[in-house]
Every structure is written in structure tokens, then in C-alpha cells.
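Per Swiss-Prot, these features apply:
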BINDING   His74, His76, His130, Asp154  Zn(2+) 1 binding site
BINDING   Asp78, His79, Asp154, His193  Zn(2+) 2 binding site
BINDING   Lys163, Phe164, Tyr165, His193, Glu194, Tyr195, Arg269, Arg270, Glu271, Lys272  substrate binding site
MOD_RES   Lys61  N6-acetyllysine
MOD_RES   Lys88  N6-acetyllysine
MOD_RES   Lys201  N6-succinyllysine
MOD_RES   Lys201  N6-acetyllysine
Amino acid sequence: LLGVFHHTDLRKSLTVDEGTMKVEVLPALTDNYMYLVIDDETKEAAIVDPVQPQKVVEEAKKHGVMLTTVLTTHHHWDHAGGNEKLVKLEPGLKVYGGDDRIGGLTHKGTHLSTLQVGSLNVKCLSTPCHTSGHICYFVTKPGGSQPPAVFTGDTLFVAGCGKFYEGTADEMCKALLEVLGRFPPDTRVYCGHEYTINNLKFARHVESGNAAVQEKLAWAKEKYSIGEPAVPSTLAEEFTYNPFMRVREKTVQQHAGETDPVPTMRAVRREKDQFKVPRD
């Protein structure tokens, strides 16, 4: 147990700087991620799922940016539970989300509605399933050459997806394959939790012959051992090792004993919910 607590304290933040849009990956709680999305041109910033508000305020100050916007992926406390306190600490914030259960909500996002954070363009994507009001946020710099970013909350994880608490396999298929999966392959994926190693161990169980799974697992173990985040991934990568993004592949369908994506999604999710993660 000591090792676990020790590791929690050691989880490092990470700066992803690929152009005008800068993303600060901020570990929170035990395995959550918050993301400070900075427009380098205007020094305006948004925060995704600020469950630890004090840390968010300190990070914004450290980077010399003005926090204008909260992007909430869904209403669960470990994502939305800091909103009300953050708004007290930083009055006047715009708080976006797709669900009336979200604390501090000022702007309700709908599918394909857009907003600006400085010169960055943010598109809301409705991805109901984990929760009925789940939203992912697709962020681009118009006219810029840097890859887009998508903040996927508990819809898409590195090598996994969220539990279907308020939705169906059909909805998760739509979210992963039709909504998220159609964005450019180099889109950076920033998810809500660090579940990468366990997800990849399940992916290995589903497709034991998939070299992409083995390689990513070795890489993720290395990252974990030095306390570094395994985010972001890319959509292109997810299609190579994420069983829930691969429900159209024969290997995944055969494992599930199905021939169509939706029943495959249902079967693979059900199996993942019961999966005992091996130690290695």
C-alpha cells in the first residue's frame, strides 16, 4: 500500500506544447486528470474538469494566464465536484457542460455548439453513454498547423472506454466510431483518468496477437514507473490497440463471439466489467 500512496504523490504534471495551444496535464485525486488549455496568443485559458480548484488557481498563476472558462465533461463528482468552489475563487468564469446536474453551470453545451478560448475554437460533442449528458471538447487553432486536441472525459480512455452507467452499447459505438473516430487521425486524446495499464492488459486479453497492444503496454509501464502521464494518445493509435475502437475488426468480433460492432461492444464491455487484472 505504501507504494500506492507514494506513487500518487509522485504523479507528475506534463506540458504539451505543439504550437499556439498549450496543454498542461494536471494529475488530480488518485487517478484523475484535469487539463489547463492555454491559448499562447492571448494568454487566456480554459480548465477541463477542475476537481481540485486550488491547484487550478495556482497553475493558472504559475503560467501567467487568465482563466476564463470551465469545460465540464460530465456531472460525476470527480469531474464536476470542484466547479462551485472554483467559481467562488475566480468569479465570472463561464462554466460549460451538457447536463443540468453539473454544479455551477452557466452555459449548456449542445452537440456541435462552439465557443472560443482566446483564439482557440472549442466544439462541444455530445457523447451520451457513461452519463446521459456527457460532452467531449474538440479544440483547434484556426489556421494553425498544430494537431487538434479532444478532451474525452470518461467516454474514451487510452485503450479503453467508460462504463455504460446511463447508456447503451449502441450509444458508445456512435460516440467512439461516428463522433470521435471521424476526427483527424493525429488528434491528441486527453482522457479523464489514468487507467492505461489496466486497459492495455484487458486489450491484450482480447487480442493476444496484437503487437501494438504489447508495445503500448511496455511503454505505459515505463511511464508509470517514473510517475509520468500516459496521455495524450492519438486517435490513430487508439484504432490500433483500443478494443472498444476496434469492434469492427474481425479479431475483436471473434473474441466476443459476434459479427457486428454493437453486440461486440456490448460483449466486450460486459467482459471488461468482470475482468480480473493480472499482475504482470
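Going from the start of the chain as shown, residues are counted 1 onward.
For all residues, glycine too, the Cβ spot is worked out from N, Cα and C.
Secondary structure at His193 (Zn(2+) 2 binding site), as computed by DSSP, is strand. DSSP gives His130 (Zn(2+) 1 binding site) a coil state; it is part of no helix or strand. Asp154 (Zn(2+) 1 binding site) sits 9 Å from His79 (Zn(2+) 2 binding site), taking the Cα positions as reference. Here the Cα atom of His74 (Zn(2+) 1 binding site) is found 13 Å from that of His193 (Zn(2+) 2 binding site). Sequence-ordered, the extra residues of this chain that approach the Zn(2+) 1 site, with Cβ no more than 8 Å from the Cβ center of His74, His76, His130, Asp154, are Thr73, His75, His79, Thr131, His134, Gly153, Thr155, Gly162, Tyr165, Gly192.
Pairwise Cα distances among Lys163, Phe164, Tyr165, His193, Glu194, Tyr195, Arg269, Arg270, Glu271, Lys272, which the record gives as the binders of substrate, peak at 21 Å. Within 10 Å of the C-beta atom of His130 (Zn(2+) 1 binding site) sit 25 other C-beta atoms, taking all shown protein chains into account. Annotation note: His74 (Zn(2+) 1 binding site) sits in a coil segment as assigned by DSSP. Around the Cβ of Lys201 (N6-succinyllysine), a 10 Å sphere holds 19 further Cβ atoms from the protein chains shown. Across the structure, His76 (Zn(2+) 1 binding site) and Tyr165 (substrate binding site) are spaced 11 Å apart at their Cα atoms. Those residues of the chain, other than Asp78, His79, Asp154, His193, with a C-beta within 8 angstroms of the mean position of the Zn(2+) 2 site C-beta atoms are Asn32, Asp49, Thr73, His74, His76, Gly153, Gly192.
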